[in-house]
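Have a look at the structure below before the remarks.
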Amino acid sequence: MSPASPAVGTDPTSEDASPASGQPSPSMPAKGHRSLGNVLERYGLLLLLLAVAVFFSASPVSGPAFRSSANWLTLTANQAVTFAVALALLFPLAAGFFDFSVGAVAATSSVVAAAAMSHHALPLGVAIALALLTGLTIGLFQGVLVAHLRMNPFIATLGTATLLGGAIFAYTGGLQITQGISPALTSAGSGLWAGLPAIVVVVALLALVVWFVLDQTVFGRRLFAIGSNVNAARLIGVDVARTQLLAFAASGLVGAAAGVLLLARQGAATSDNGMTMLFPALTAVLLSTIVIDVGRPSVQGTAIGVVFVAVSTSGLTLIGSPAWVSSVFTGAALLVAVAVASLGRLRKGR
Amino acid sequence: MSDTGPALRLRGISKSFDGVRVLRGVDVSITRGTVHALLGGNGSGKSTTLKVVAGVYRGDPGGVVEVFGTPHPADSFSPQQAHRAGLRFVHQDLGLVDDLSVAANFGLVSGFPQRLGAVRWRALHERTARELAAAGLDIAPQAPVRALRPSDRTRVAIARALQDDDGGHPLVLVLDEPTASLPHHEVDELLEELRRRREQGHTIVYVSHRIPEVLAVADDLTVLRDGVVAYSGPVSGLTEDHVIAMMTGLAAEQAAPAARTPRAPTTAAPLLRVSGLCTAGLGPLDLEVRPGEVVGVAGLLGSGRSRLLGLLAGQVPRTSGSVQLAGREIHHRSPRAALADGVACVPEDRARDAAFPDRPLWENVSAIAFPRYARWWGADRRAERRDAVKAAAGFAVHAAHGEVPFASLSGGNQQKAVLARATWTSPRLLLLDEPSQGVDAMARRDIHSFIHRHVDGHDRAALVVSSDFVELAALCDRVLVLRDGRLRAELTGAELHESAIALAVHQDREDPR
């Protein structure tokens with residue numbers, strides 16, 4: 001990423017920075033005062049998560065099981081793949097697009113990795129590389145559709161997802177690939193590293209990388225600029241088509257990584273089309289838009305969103321609620337959270 | 001309703017946002033059958049007042065909006081009540097649908113005559129034709145709005161706002177900057193329309209930034225400053241200087257546009273040399289800009305003036321010709337390439353092409369320069385924010401702090417922030433399209449002096465497109481006049497005058513030279 005700024009130039013602060021109007025230049029604080037309401041708005045979901053966790057820990061019915069470390073290990077390990085799929089969603093979403101293919105990309109990559117080991121007896125490293133390459137290729141394909149052929153991203157990604165689902169079924173015949181998966185992979189999927197589920201450690205590292213790219217690099221800033229105003233982004237020197245293409249490529253790559261983690265966790269490649277993975281990930285990403293920088297998705301917010309849904313679901317199950325309760329709870333939480341955020345914006349505007 | 005007394009009276013109108021009082025007890029009385037102008041700088045509370053009167057914002061408890069003698073509490077006034085009370089609004093964007101016919105645009109507001117669920121187009125056309133005729137508009141109801149001239153659009157919007165009630169009981173018509181987007185020569189037609197509506201018995205509240213226009217058309221005048229009424233009374237006897245002084249709270253000479261001291265023609269090598277430049281609707285064009293110059297580009301809509309800027313900024317591809325910047329041939333295929341060569345632009349449509357509305361002020365200011373703060377360990381956001389806030393302060397951007405969302409700033413402050421963004425990287429060629437459109441007199445004067453500050457004594461120049469000839473005369477060393485994509489005239493020195501520019505722009509096709 002080469003900066004778009006010209007080679008010539010000086011620091012604006014070194015220039016004669018007094019307004020010529022003769023007025024004293026207003027002394028403007030860099031940051032605003034953080035009021036309590038502000039903090040509540042930024043971290044409301046996190047506080048709610050803590051409240052839910054405390055409630056289920058304290059409840060005599062769910063408490064003992066909920067508090068146990070076994071529950072937390074399973075809970076976090078189970079959510080690792082969802083979190084990884086959600087991370088893949090973040091790149092296109094930063095640029096203002098929903099990518100409905102991330103679940104399908106993950107499913108496809110897991111089939112590719114499993115087939116490479118099972119049907120072609122390739123070593124684990126090669127299988128993972130092939131899976132990642134598959135995701136990257138699909139991402140680039142969609143990037144070309146959206147960035148260069150100017151296709152509506154909703155249609156492009158939904159079409160791709162449907163196509164991939166069909167391809168998976170054609171290849172697997174609807175059967176899981178269970179034979180010949182490298183035990184090194186499956187043991188990483190269920191094992192512990194330093195007392196933590198290995199898969200959680202891997203996803204945490206992946207999240208760190210995604211956070212760095214989105215939050216700290218020039219590329220990430222350009223992505224968000226496109227998401228905020230694509231015309232203005234072009235005029236400040238963003239190569240919009242290339243940046244969009246890269247966003248889909250990054251999404252494909254991370255989606256493929258999620259597929260490998262899925263294979264590791266399940267020990268078998270699913271014949272599912274991946275759509276069941278998409279919706280929990282979408283929920284988490286949408287929840288992230290009401291945390292920290294309200295209105296914009298983030299890695300931290302997504303992590304909070306994933307854990308929030310998982311903790312609530314686990315607690316509700318342990319307390320003995322029927323299975324549908326957690327769906328209703330999650331849906332309602334999403335609606336309430338987004339409604340509160342919209343109300344906050346409306347109130348400010350009026 | 002009583003038949004005498006003011007048409008509209010505001011009593012003790014206050015409005016607070018998040019505990020900050022933007023309006024502090026505004027009292028205004030507007031006499032029936034007059035044109036009453038409402039003036040004020042950006043952030044004076046002018047727009048907020050209008051929105052309270054329209055029922056869009058709820059005023060703080062205690063305020064009263066009295067229409068034709070009937071009082072309404074300002075904290076529960078709704079748009080529906082405003083309409084029933086006899087208030088009509090024409091907003092700056094007019095609210096017309098370009099792709100529909102004039103009649104359909106009338107129907108959108110007043111309803112479509114129907115039979116068995118089908119629109120009776122003929123009845124609608126007849127009704128609309130009557131309204132247009134009553135308004136003195138020679139426009140077919142079937143004409144698409146897209147095809148209308150700007151001033152006719154505004155007049156159609158006015159006719160639509162006053163329809164059905166024409167000839168009935170009088171109304172209060174509120175117009176928000178109706179002339180802001182009009183070419184200069186169409187402004188007079190609109191002002192004439194306002195006078196005609198006044199003769200019909202309507203009361204007109206008229207918001208504008210253009211003081212000479214206000215003095216020409218308004219009977220009474222209210223000036224807001226910092227959320228309070230600074231003046232409310234007759235226009236007669238007031239001069240532009242008085243009004244500016246009331247708006248700014250400064251003596252008139254302090255607020256007057258800083259006239260450009262004419263500079264001696266320099267013999268320095270041109271900074272920009274354009275020869276044989278062509279693109280669709282423009283050229284072939286030859287021009288030179290020397291270091292330290294501010295060069296204006298005048299012309300009507302479609303003359304190619306914005307296209308010329310777009311071409312130099314890398315937004316429009318050229319078909320042939322050459323562009324040299326500081327002696328080096330440049331081929332800008334994108335805004336990115338233009339920026340890398342030191343060509344930055346301030347676009348005409350701020351909301352569409354410059355604003356990151358949801359992002360903080362500081363991020364908007366550093367939007368071009370931010371890659372400089374990339375470090376191996378990440379982004380040095382603290383330094384970026386600090387420098388951006390300093391840069392904004394250097395351009396007299398008024399904001400509570402650096403993190404307020406860009407969208408919450410007034411138009412003038414937004415424009416100054418965009419200027420701070422464009423000049424941050426010290427571009428050698430600064431392109432500005434309508435740099436002071438929709439900003440108040442103070443902000444405009446600041447913007448002009450910032451443009452001069454940018455080029456004076458540096459190896460830099462600015463090219464300014466404006467449809468405001470007063471602005472061009474005050475801001476520029478030299479003005480180029482474009483017509484039909486060709487350079488038709490060049491005005492300097494004593495010729496550099498508002499009326500001379502207007503004459504050259506409107507001249508017929510024969511080359512005046």
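Cβ atoms here come from the backbone N, Cα and C positions, even for glycine.
The region 'Disordered' feature in TrEMBL is assigned to A:1-33.
For A:11-25, the entry in TrEMBL reads compositional bias 'Polar residues'.
Positions annotated as transmembrane segment by TrEMBL: A:43-66 (among others).
Among the features that TrEMBL reports, transmembrane segment is placed at A:72-91 (among others).
If you look up TrEMBL, you'll see A:98-118 (among others) marked as transmembrane segment.
Taken from TrEMBL, the feature transmembrane segment covers A:124-147 (among others).
Annotation comment: TrEMBL describes A:154-172 (among others) as transmembrane segment. Proximity of distant same-chain residues to the transmembrane segment (A:154-172), defined by a Cβ-Cβ separation under 8 Å and at least 6 residues beyond the stretch ends, is recorded for 92, 97-101, 103-105, 107-108, 111, 115, 138, 141-142, 145-146, 269, 271-275, 278.
What TrEMBL records for A:192-214 (among others) is transmembrane segment.
The list of residues near the transmembrane segment (A:245-264) in space but at least 6 beyond its ends in sequence, with Cβ under 8 angstroms from a Cβ of it, reads 80-81, 84-85, 87-89, 91-92, 94-95, 97, 99, 101-103, 105-114, 128, 131-140, 142-144, 146-148, 181, 185-186, 188-189, 199, 202-203, 206, 210, 213, 219, 223, 270, 277. For A:245-264 (among others), the entry in TrEMBL reads transmembrane segment.
Beyond the transmembrane segment (A:276-294), the same-chain residues lying 6 or more positions past its ends with a Cβ under 8 Å from any Cβ of the stretch are 41-46, 81-83, 85-86, 88-90, 93, 98, 100, 102-104, 106-107, 161, 258, 262, 300-302, 304-306, 308-309, 330, 333-334, 337-338, 340-341, 344-345. The transmembrane segment annotation in TrEMBL covers A:276-294 (among others).
Sequence annotations record features per position, and here TrEMBL assigns transmembrane segment to A:301-319 (among others).
Sequence annotations record features per position, and here TrEMBL assigns transmembrane segment to A:325-344 (among others).
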- May I ask you to check whether the transmembrane segment (A:43-66) and the transmembrane segment (A:192-214) make contact, with contact taken as at least three Cβ pairs under 8 Å and only pairs 6 or more apart in sequence counted? no
The recorded stretch from A:72-91, A:124-147, A:301-319 sharing the largest number of CB pairs under 8 A with the transmembrane segment (A:325-344) is A:301-319
Given the transmembrane segment (A:192-214), its same-chain partners at Cβ distance under 8 Å and 6+ residues beyond its ends are 73, 76-77, 80-81, 83-84, 87, 90-91, 94, 220, 223-224, 250, 254, 257, 261, 264-265, 298-300, 303
